Amino acid sequence: MKRYLILEDGTTFAGQAFGDLTKEVSGEVVFNTGMTGYQEAITDPSYTNQLITFTYPLIGNYGIDQNRSQSLKATCTAVIVHQLAEQSFHYTSQESLDNFLKTQQIPGISGIDTRALTKHLRQHGTMAGILSKQAHVTNFAKAAQQTLTEKEPAYQTQYYSTNLAKHHVVLIDFGVKQAIIDNLLAHECSVDVVPYASDFTTIANLNPDGILLSNGPANPTDYADSLPLIQQLQTHYPLAGICLGHQLFALANGATTYQLSYGHRGLNHPVKNLITGKTIMTSQNHGYAVAADSLATTPLQVTQVEGNDGSVEGLKHETLPAISVQYHPEANPGPSDGNSFFNQFNQLMTEGVLQHA
Ligand SMILES: NC(=O)CC[C@H](N)C(=O)O
């Protein structure tokens, strides 16, 4: 069955339908350059309302294994590939990507020149697109941007314990990835995951040693209501932020954010640590960034920058025990170079000078 991807500037790509065959969907068209990790991306809540183009030419060849999912369901809007693997080979594979997307009601399109599509997005900037059975559609009204009202965070409100717990972390769920929870457990932290609309008292009653602000979808400025909570939390507990959490930590301290002309989505983004001078390879997925020139009047310092475009990748508070990174230190999949972030967060919780509430 034929299916079309129509970009808001009229550029049209024809391909074959897979996954859910009935839906017509729209959203922001983004590209991910990872050679692996399609399942992690498809189930990462940060991709909510986005049509993911995978630039690696063969997608699906190691199938789907429930253990790799980053949330309870597929969260992106559509999947765009060059070639869909007809067979999946990995020993842990439980089903094919095509089947998985059918059950998850996510449409896909294959046979797309994903290199041409990606070059187009890099040249003209991020844009909306519609996936349709028809070659001519113009209804982009809903597609333009993801907004907070359209997103559904994972809300994995749950307690995770580990025998070795040295610290107790309250993880604020803006659309958290399972790998963040797994990494906290592996770093000897027990974890309470709470919805982002939780109030200060509810969080304080959980007796945290530290607060972690999760990743999540949409424009960080959509979360203005959460900033007073973050301001209050950072003066009571050691605090860390990842990706959206990093952006919200910046906004809560008076910085601003902006939309990148096209996002960073892949597994090999160089990040330079300005304190150690070391560059590491990181896994990334973001379309917004903290404006470096907005930081001068804030209590925040840049600790890390992206190697390609110099954008802000890490922050620390000058006086409070609070740090954040724009990349994904849980790095699942991808290089684990950024993983020491969790050791740093542990150190903040061990040495944090603040009295609890
Ligand atoms: N992975 C994330 O947390 C993404 C943050 C935000 N939605 C962005 O695209 O920049």
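Every residue, even glycine, has its Cβ placed from backbone N, Cα and C.
Small disclaimer: the values here were computed from a predicted structure and weren't measured.
TrEMBL annotations:
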- 1-167: region 'CPSase' (REGION)
- SER46, GLY216, LEU244, GLN247, ASN285, GLY287, TYR288: L-glutamine binding site (BINDING)
- CYS243: active site, nucleophile (ACT_SITE)
- HIS328: active site (ACT_SITE)
- GLU330: active site (ACT_SITE)
- Note on the structure: Among SER46, GLY216, LEU244, GLN247, ASN285, GLY287, TYR288, the record's L-glutamine-binding residues, the widest C-alpha separation in angstrom comes to 13
- Message: Centre the Cβ atoms of SER46, GLY216, LEU244, GLN247, ASN285, GLY287, TYR288, go out 8 Å, and tell me which other residues of that chain have a Cβ in range of the L-glutamine site.
- Response: ASN215, PRO217, ALA218, PRO220, CYS243, HIS286
- Among all chains shown, work out which of the binding-site residues GLY216, GLY287 has the most CB atoms within 10 A of its CB. GLY216
- Query: In terms of DSSP three-state secondary structure, what is the assignment for TYR288 (L-glutamine binding site)?
  - Reply: strand
- Query: Say you check the Cα of GLU330 (active site) against those of the recorded positions SER46, CYS243, GLN247, GLY287; which is nearest?
  - Reply: CYS243
- Query: Taking just the CA atoms, what is the gap between TYR288 (L-glutamine binding site) and the residue listed as 'active site, nucleophile' in Å?
  - Reply: 9
- Query: How many whole Å apart are the CA atoms of HIS328 (active site) and the residue listed as 'active site, nucleophile'?
  - Reply: 7
- Name, in the order they occur in the sequence, the residues of the same chain whose CB lies under 8 A from the CB of GLN247 (L-glutamine binding site) and which sit 6 or more residues away. PRO220, GLY241, THR257, HIS286, TYR288, ALA289, VAL290, GLN326
- DSSP on GLY216 (L-glutamine binding site), three-state: which is it? coil
- Query: Under 8 Å Cβ-Cβ from LEU244 (L-glutamine binding site), six or more apart in the same chain: what's there?
  - Reply: SER46, PHE174, GLY175, LEU213, SER214, ASN215, GLY216, PRO217, PRO220, TYR223, HIS286
- So which one is it: of the recorded positions SER46, ASN285, TYR288, HIS328, which has the fewest other Cβ atoms within 10 Å? TYR288
- Query: Tell me, by DSSP, whether HIS328 (active site) is helix, strand or coil?
  - Reply: strand
